[in-house]
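> Here it is, the structure in full.
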């Protein structure tokens with residue numbers, strides 16, 4: 001504790017977590033740990049397959065490998081700390097650790113927002129202009145898109161981490177959340193945060209609404225192109241893929257918008273914690289299943305990898 005005038009400024013926070021030790025919450029905790037392991041194995045497998053199989057060295061899979069890496073890092077930024085706090089029965093976190101978690105989490109969240117938009121644009125070009133696809137989506141362009149995603153995410157993470165921890169915090173040390181989420185932390189500030197909340201709202205328009213608009217427009221044009229397909233089977237397959245992609249994307253962006261684009265007075269701790277699980281745990285688990293593991297090319301690469309293993313008997 002640090003005394004400033006007649007106020008006691010706190011030197012660390014206490015994360016209250018997501019669960020209690022009731023039987024139901026123990027079951028939910030076990031479920032989340034299973035989701036964590038599925039996300040690690042699914043995304044790790046995708047990165048491995050895309051890097052070792054030359055048939056997957058295309059722009060689409062290049063972006064998917066980066067999406068898997070971001071998902072791996074995102075879920076690893078949140079879940080291990082949450083699990084450790086729950087199992088050890090303590091949630092104390094220093095200002096520095098909290099700031100680093102904000103930085104890593106928001107950087108990765110911003111990265112993924114922009115990368116998903118670039119991935120949707122990639123699919124739009126592939127379907128609407130296949131003859132010029134290799135020119136439009138050259139390797140240099142793909143690397144620039146990934147670098148841009150990281151740059152925008154890092155700038156957003158740095159701004160919010162620095163500004164959030166410059167406010168004085170006094171009184172309660174308890175963050176009613178399972179990680180250092182900015183809206184939950186701002187509730188403890190003993191200063192006017194309205195200007196900063198407006199800045200966060202503007203950032204969210206750039207980081208959430210703009211990429212989501214690009215994704216929606218891209219998939220709308222893709223659906224228009226699909227409607228002109230002569231093959232009924234092709235249309236059905238394309239609709240199934242597009243609908244599953246949009247479902248996961250909407251889940252990711254919708255949950256993030258609910259958390260970061262509502263006024264501070266409309267935030268409910270319980271609701272925020274539940275909504276946060278969608279973009280911190282559920283979508284990182286679903287992405288490799290929806291985007292990649294259902295593809296014939298990925299399935300073929302997996303069979304080829306298993307065929308190299310001694311347990312596979314040498315068969316592909």
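Any Cβ shown, glycine's included, is placed from N, Cα and C.
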> Given the ranges 171-198, 199-226, which one is assigned the annotation transmembrane segment in TrEMBL?
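Of the candidate stretches, TrEMBL labels 199-226 as transmembrane segment.
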> Any chance the transmembrane segment (274-293) and the transmembrane segment (141-163) have 3 or more Cβ pairs under 8 A, given the pairs are 6 or more apart in sequence?
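Output no: the transmembrane segment (274-293) is apart from the transmembrane segment (141-163).
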> Let me spell it out: take the transmembrane segment (61-79), skip the flanking residues so only those 6+ beyond its ends count, and list any with a Cβ under 8 Å from a Cβ in it.
32-33, 36, 39-40, 42-44, 46-47, 50-51, 101, 104-105, 108-109, 111-112, 115-116, 118-119, 122, 142, 145-146, 149, 178-179, 280-281, 283-285, 287-288, 291-292, 297
> What else in the chain is close to the transmembrane segment (99-121), if you only count residues 6 or more beyond its ends and a Cβ gap under 8 Å?
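For the transmembrane segment (99-121), the far contacts come to 60, 63-64, 66-67, 70-71, 73-74, 77-78, 81, 93, 145-146, 148-150, 152-158, 160-162, 164-165, 179-182, 185, 207-208, 210-212, 214-215, 218-219, 245, 249, 252-253, 256, 279-280.
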> Quick test of the contact rule: Cβ under 8 Å, at least six residues beyond the ends. What residues does that give for the transmembrane segment (199-226)?
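For the transmembrane segment (199-226), the far contacts come to 109-110, 113-114, 116-117, 120-121, 123-124, 127-128, 152, 156, 159-160, 163, 182, 234-235, 238-239, 242, 245-246, 249, 253, 256-257, 260-261.
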> Restricting to the same chain and to residues at least six past its boundaries, which positions have a Cβ under 8 Å from a Cβ of the transmembrane segment (26-49)?
18-19, 56, 64-65, 68-69, 71-72, 75-76, 79, 83, 86, 277, 281-282, 284-285, 287-289, 292-293, 298, 301-302, 305
